[in-house]
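Peer 1: Please find one structure pasted underneath; my questions will follow.
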Amino acid sequence: MSDLPQTSILIQTFAPFPSLTLSLPSSTPVSEIPAFLSERYPQHPFADCSTFILSSHSGQVPQNDSPISLLHSNDARSTPNFVTLRLTPRVLGGKGGFGSQLRAAGGRMSSQKTSNNDSCRDLSGRRLSTIKEAKKLAEYLESEPERLAAKAEAQKAKLEALERKLGIEPSATAGSSKAPAIGSGEPSHLGSVDATPVLAGKKHRFDDNEYLEQSRELTENVKSAVSAALLKKKKKAKLSHPTASSTATEKSSVKIVVVEEPNTIPTNSSVAPTAVGA
């Protein structure tokens, strides 16, 4: 085997393994390189060729039955019988690149997106949004009697609860309403009802005229008291304003006379300063 031409092989591995070198006959097929690697470097796990792949620096993967001599460098003068290979691990399964992940995410988003066709029109020219609103309005009108009945039932139950709290029987008749209250000489207002039975959800007329007159008188008295207080306040303001202005004018006139004609002031102390000003 020593007479056969030899080829030096430099194999670049991945971290944390260093680069490896081999010297093999030029006729050795590429498929036998992993066996020589495991024999030369038994501490490295490169014997299983199914988990690793050998390729050139240009990315080409040589065929397994091709000899090493076909992988020689083009520049035979500078590097005769020299081959450089790259050892890379195989990616099992192949999850794909970033583009495939984006496409998958876009597919998920498009599947979750709801289609909005409200601005489209049907064959008659009406918008779909208008048709949907009309359907909702029709359903609302159809369910209106049910809502009114439920509301009336709620009001009736509320009124019955209030009557029970006040001690009034809902089924009280006109005869029982005329019975006076126990321990009082006046008829009871709580037990007095009209001859017609009490119906839940309807308005009842308030016939206490005395209460209405008292409330009206109280309202008028409050209004008259407020208006009288406002008038009194205005009168006080009018009375206090002119007195202050008159005193201010008298003081200013006296000062002017004293400054302009000091010699005309008499020496007699009995003369009042107001006479000088005149």
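Glycine residues also receive a Cβ, built from the backbone N, Cα and C atoms like all the rest.
What you are looking at is a predicted structure, and each value in this text was computed from that prediction instead of being measured.
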Peer 1: Suppose you had to name the range TrEMBL annotates as region 'Disordered'; which of 55-77, 170-192 would you pick?
Peer 2: 170-192
Peer 1: Average pLDDT across the domain 'Sde2 ubiquitin' (8-92)?
Peer 2: 77
